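If you look up TrEMBL, you'll see 1-26 marked as region 'Disordered'. Marked as compositional bias 'Polar residues' by TrEMBL: 8-17. The feature domain 'GRF-type' is assigned by TrEMBL to 37-81. If you look up TrEMBL, you'll see 118-138 marked as transmembrane segment.
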Amino acid sequence: MMGGGSTRAGSSISSPCNGHRTRTQSRSRRSGVSEWCDCGCRPVLRWSGTDSNPNKSFFGCPNYNTSEKRWCGLFVWADTGQDEPVEKPKSYGDNHEVKMNFDWRLGRLEEDVRNQKLVNQLLVLVVYVLIVLIVILYCKG
C-alpha cells in the first residue's frame with residue numbers, strides 16, 4: 001500500500017523505533033501533526049498507493065506494516081493536517097494489499113503464540129522448582 005518517492009527535499013534517517021531507513025521531511029506545527037506518535041516515535045512521511053488516493057502524502061507511525069512493533073494508529077493527511085478515516089481501495093485487483101495485511105497479521109499472531117509458549121514453559125519450570133523445594137523442606141522437618 002505504501003510506496004513511492006518524491007522530488008521534495010528531505011533526509012533519510014535510521015529510525016530507532018523500527019530500525020529501517022525512512023525518508024523524513026520537516027513538519028510545521030501548523031500542519032496538525034504531533035511531533036511524536038503514541039509509540040514514542042516521530043511520524044514519518046509516506047505516500048498512499050490506493051486507487052482512491054494515489055500518491056497522496058500522509059504522516060503515519062513508523063511501525064505501520066512492520067512485524068517487530070505494534071502500530072499505534074497514527075494517520076494524518078499531509079495536506080490537510082486533519083485526522084481522516086482510512087478508506088479501503090474500491091478495487092483490490094490482485095489482492096496484493098489484502099495479502100500484505102494478512103501476512104503482517106499472521107506474523108504478529110505467530111510471534112504472540114511463540115511468546116505465550118515461552119511464558120508457559122517458564123511457569124511450568126517455576127512450579128516444578130517450588131514443588132521440589134517444598135518436598136525438601138517437608139523431608140527435613
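Cβ coordinates come from backbone N, Cα and C, glycine included.
Small disclaimer: the values here were computed from a predicted structure and weren't measured.
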Positions on the same chain near the transmembrane segment (118-138), where near means CB under 8 A and six or more residues out: none
Reported mean pLDDT - the domain 'GRF-type' (37-81): 78
Residues in the domain 'GRF-type' (37-81) grouped by DSSP into helix, strand and remaining coil: 0 helix, 11 strand, 34 coil
